[in-house]
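Report on one structure; see the data block that follows.
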Amino acid sequence: MNKEELLKKYEETFNEKAKDVFFSPGRINVIGEHTDYNGGHVFPAAISLGVYGVYGPREDKKVRLYSGNVDGEIVEFDIDDTTAEKDEDRFWANYFKGMITYLREKYNGIDHGFNLYIEANLPSGSGLSSSAAIEMLMGIILKDEFNLDVDRIALAKMGQRTENEFVGLNSGIMDQFACIMGKKDSAIFLDCNTLKYEYMPLALGDYEIIIMATNKPHTLADSAYNDRVAECGRALKKLQQKLDIKALGELDNDTFDEYSYLINDETEIKRVRHAVSENQRTLRATQAMKDGDLEKLGRLINASHESLHYDYEVTGKELDTLAEASWKQPGVLGARMIGGGFGGSAIAIVKKSEAENFKKNVGKIYRDTIGYDASFYDAEIVDGTKRI
Ligand code: GAF
């Protein structure tokens, strides 16, 4: 998206010139799904699809937000207003309100409001983290414009808290961490228990990552997501009767197997089996990446999808169709759903020379099976949220 055009759109919306333009990326996740809130590992990367924000300060205390993607009105509130929006038309303001609230709670200096024009080249509900991208956009804008001495990881934590308390999604920290800590051409190997992280070059040689959006119109993903978090929480409590652990991410497959009798519930056993095996797969996958064993990485990615399908039950027909169609194509190392699931997106690691064929074939199978088109994106891996 072009900076000049964005500045013009701000001017048309607010009848004045803007001060600065920012970009906040969405994310993919190579492997490690539904492990973050279980204290496990994840391996995400920031992508060139994301959200732009055009900022201009105001003298009063009003925040005026306009989204170029929604054919709606300017949403307005006061910086002192810390109540979560319930109204459907204004709900998206919560991503901003949460960040403003938590930053003002801890840091002095945010003493006036602003106008903000936002526009995404990332479809919302695509499982590529448009909400975390928005939260981190707000965080970096406020940090930069008001010279706040807040570090990026603290902003990621505030973004997670915004999801939990303003939006009502009991998510982990992966998305915010990936958006704000992203590094060009690298994925982030993050331990969500300790927040220790390591950048690893996404060295895929002749292969590339293709993003496939299901375009599934409406999902009840948030309540199903919160159910999964609750099921894991209940199972953890039962395991803690005999095991000294703080999170499921501390278990290996063998220990889980030995103590699984404590859970005594079929659904919860499946959920924990996924959380534990996915964490172990993530450790093995990052080792395979270090060893340059891309075939093994691909197999682990496929196994991740199957575990999300059978044990975590968050895939659904659309994501299964994309993954299974991908596995059958020539030059594919691996494919799986990413993000919360139920709809959203999948990724495939595909030989560059096969990429066009791949999109054509998988696109056709998807249309024939589901009845509408999937979208395919070749995104670059980029740096985290920043002024542009
Ligand atoms: C969503 C959540 F926001 C993340 O925290 C993470 O749990 C992911 O689903 C599943 O891995 O994107």
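Residue positions begin at 1 at the first shown residue.
Glycine is no exception: its Cβ is also placed from the backbone N, Cα and C atoms.
Keep in mind that TrEMBL annotations are predicted by a computer and have not been checked by a curator.
Among the features that TrEMBL reports, domain 'Galactokinase N-terminal' is placed at 8-56.
Sequence annotations record features per position, and here TrEMBL assigns site 'Transition state stabilizer' to Arg27. Taking a C-beta cut-off of under 8 Å and a sequence gap of six or more, Arg27 (site 'Transition state stabilizer') has these contacts in its own chain: Pro44, Ala45, Ala46, Ile47, Leu128, Ser129, Ala132, Ala133, Met174, Asp175, Ala178, Cys179, Gly182.
What TrEMBL lists as substrate binding site is Glu33, His34, Thr35, Asp36, Tyr225. The number of other Cβ atoms within 10 Å of the Cβ belonging to His34 (substrate binding site), over all protein chains shown, comes to 28.
Within 10 Å of the Cβ of Gly127 (ATP binding site) there are 29 other Cβ atoms, across all protein chains. A coil conformation is recorded for Gly127 (ATP binding site) in the three-state DSSP classification, outside any helix or strand. Marked as ATP binding site by TrEMBL: Ser67, Gly125, Ser126, Gly127, Leu128, Ser129, Ser130, Ser131.
A mean pLDDT of 96 is what the model gives for the domain 'GHMP kinase N-terminal' (94-183). According to TrEMBL, the domain 'GHMP kinase N-terminal' annotation covers 94-183.
The Mg(2+) binding site annotation in TrEMBL covers Ser131, Glu163. Secondary structure from DSSP puts Glu163 (Mg(2+) binding site) in a helix.
Of all Cβ atoms in the shown protein chains, 30 besides its own fall within 10 Å of the Cβ of Asp175 (active site, proton acceptor). A helical conformation is recorded for Asp175 (active site, proton acceptor) in the three-state DSSP classification. The feature active site, proton acceptor is assigned by TrEMBL to Asp175.
According to TrEMBL, the domain 'GHMP kinase C-terminal' annotation covers 287-366.
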Shell list (substrate; ref centroid = CB of Glu33, His34, Thr35, Asp36, Tyr225; cutoff 8 A): Gly32, Tyr37, Asn38, Val42, Gly172, Met174, Arg228, Ala275, Glu278, Gly340
Measuring Cβ to any atom of ligand 1 with a strict under-6 Å cutoff, which of the binding-site residues Ser67, Gly125, Ser126, Gly127, Ser130, Ser131 qualify? none
Summarise the domain 'GHMP kinase C-terminal' (287-366) by DSSP state, stating how many residues are helix, strand and coil. 49 helix, 14 strand, 17 coil
Distance [Cα-Cα, Å, rounded] between His34 (substrate binding site) and Gly127 (ATP binding site): 13
Taking only same-chain residues 6+ apart in sequence, whose CB is under 8 Å from that of Ser130 (ATP binding site), what do you get? Gly26, Gly50, Val51, Ala120, Leu122, Pro123, Ser124
